[in-house]
Number of protein chains: 2
Amino acid sequence: MSKSYRVAILGATGAVGQELLELLENRNFPVSDLRLLASERSAGRTLPFQGENLPVEAVSEKAFENADLVLASAGGSISKTWAPKAVAAGAVVIDNSSAFRMNPEVPLVVPEVNPEAAANHKGIIANPNCTTILMTVAVWPLHKVSPVQRLVAATYQSASGAGAKAMEEVKIQASAILEGKQPVAEVFPYPLAFNVFPHNTPLNEFGYCEEEMKMVNETRKIFGSQDIRITATCVRVPVLRSHSEAINLEFEVPFSPEKAREVLSQAPGVKLVEDWKANHFPMPIEATGRDEVLVGRIRQDISNSCGLELWLCGDQVRKGAALNAIQIAELLVAKNLLKGAVAVSH
Amino acid sequence: MSKSYRVAILGATGAVGQELLELLENRNFPVSDLRLLASERSAGRTLPFQGENLPVEAVSEKAFENADLVLASAGGSISKTWAPKAVAAGAVVIDNSSAFRMNPEVPLVVPEVNPEAAANHKGIIANPNCTTILMTVAVWPLHKVSPVQRLVAATYQSASGAGAKAMEEVKIQASAILEGKQPVAEVFPYPLAFNVFPHNTPLNEFGYCEEEMKMVNETRKIFGSQDIRITATCVRVPVLRSHSEAINLEFEVPFSPEKAREVLSQAPGVKLVEDWKANHFPMPIEATGRDEVLVGRIRQDISNSCGLELWLCGDQVRKGAALNAIQIAELLVAKNLLKGAVAVSH
């Protein structure tokens, strides 16, 4: 007896919001009613869903009345304000912001890694940081075989991580540079077209930026392992969409590349991309629009007998955000953990 | 009593060749005669030097007659053919290709690191790989204080590393993408505009590409330390010029970021770029055209009490290639190790 659900998307007009909308439709999520919520500024617009044009409403307390599921992707302060109200109204909130991720009462879930955590929610389930999701999907299958002791990451993060406006800005900057003009930076602090720079999130007293600390702390929480030692250097690159990561792993004992390949070729959410003869490995342009995290260049680290090197790319907007949230929702549906109503067959 | 020298540039029309020409002029290298050598294809062109237009000649054995110094930057196979002939003709060859770098009879020199090695040449001195030069300039001052035990690098390498044509290709690809067209890749195996991919040099049986092994083997030779354990992931990014590198260092004992900053602020060829409040660190667009390697984001590695993280950018065509070669030549001049003739004052 299948149920269907009243869903609200908070932040429907953003890059992730639109991806959520597309995935709800494409994955046939059992939606009986869908409300698109955004700021006052976006209210009045319409967005297409299942052949209809749905209106975008300004978020308000009333908007969550009767909602079974709220998919929130409108930034931390918006989530802090509205998620508790949505929960009070009886909804389960899957929140894509960083607002609740490290709250010990809030599960932080990557369905390929810790699906069981989702059941222990108290109304809010947090969707991890994009870079962290992509990394955990690729590293968890190896960690299960032999616990990772230490992880050194360097990221190559696309403009999409900063939203649709950032993607547009990079294109405008590239155009300007190609015409011999000075690029203008507004979303990012520096021009990103034909440039790279360390991730522009606030730095802590130890010199790590927020994005790097998310990779450290969220990975530990998702893996349920406070022992794993992680360091990261997060860098923006002029790619429109999909992040890449160079990952150096240290195990307690040697982990052969052959074994890693065998493990990863069967891992959920992972696709091995390794054509050594053609020098063809994961690339962001090939990861874009795909559900899987592409993993390749798996090598024994020649500087460490217990080390492995790997390279991954994943669609930050999709698996790094919207898809992961939808997968969490699907988990809740499968375990009958959402209210909903028995669907009436048409 | 100053001397001046008969210089030949082999590969004068390439990106590095043109930079060599510019640096010879700007640094007032004591040139009495300059011959520009290239392939048959480029012969007949002229290039400006000190207000004159010098002809480009096809390389031939005659071209090296009477040369005191040959600056070669025309690729490995050209160097293998012509460098021994130039040496036989009495010249010292500073070779920018990889042809002789690992030859135990050939010094591999970064003037800020191992200037003393230059004196032991037998006619050929090798200029290291660009990525390696930039890294060694930044890491050597720390290594001298406390030997580096292990180094994990991830690179962000610009198109210029593959020459002037590659830079042009990236621009043409970016234009095409901005116009909604398919980008065409000819110099690189895959489109680089708005994309990144692992460095497209041949892979060895352990899955490391040539560029990565250059970083490993050349750094060991330059540092005179076969013990230092190095691993690298080399990646192309859509930047026109200047390479960036995320470097994770392991020492035997803790190395405080404050001490590292103190050491690097006095290191030759290094410029610290660290404005933590403005989130302003080295960027390739700011490294381009500069002599120094820009270093920043120096942090204690939170995953390793004896670890340091740092980020660097350097102009691959300048310090990564042409400037380093000119500095080697200047070293030879300073030590009176080049033939030359007493300069006649004008």
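A Cβ is built for glycine as well, from the same backbone N, Cα and C atoms used for every other residue.
The NADP(+) site in TrEMBL is built from B:Thr13, B:Gly14, B:Ala15, B:Val16, B:Arg41, B:Ser42, B:Ser160, B:Gly161 plus one of B:Gln300, B:Gln316, namely B:Gln316. TrEMBL lists B:Gln157, B:Glu210 as binding substrate, and of B:Arg236, B:Arg241, B:Arg261 the one it places in that same site is B:Arg236.
Counting other Cβ atoms within 10 Å of each Cβ, the recorded positions B:Arg41, B:Arg101, B:Arg236, B:His243 show the lowest value at B:Arg41. Among the recorded positions listed here, namely B:Cys130, B:Glu210, B:Arg236, B:His243, B:Cys130 has its C-alpha nearest to that of B:Arg41 (NADP(+) binding site). Here the recorded positions are B:Ala15, B:Cys130; the one with the fewest Cβ atoms within 10 Å of its Cβ is B:Ala15. Looking only at the recorded positions B:Ala15, B:Arg236, B:His243, B:Gln316, the one with its C-alpha closest to B:Cys130 (active site, acyl-thioester intermediate) is B:Gln316.
Neighbour counts were taken as the number of other C-beta atoms within 10 angstroms of each residue's C-beta; across the binding-site residues B:Thr13, B:Gln157, B:Ser160, the minimum falls on B:Thr13. Candidates B:Thr13, B:Ala15, B:His243, B:Gln316 (recorded positions) were compared with B:Arg236 (substrate binding site); those inside 10 Å Cα-Cα are B:His243.
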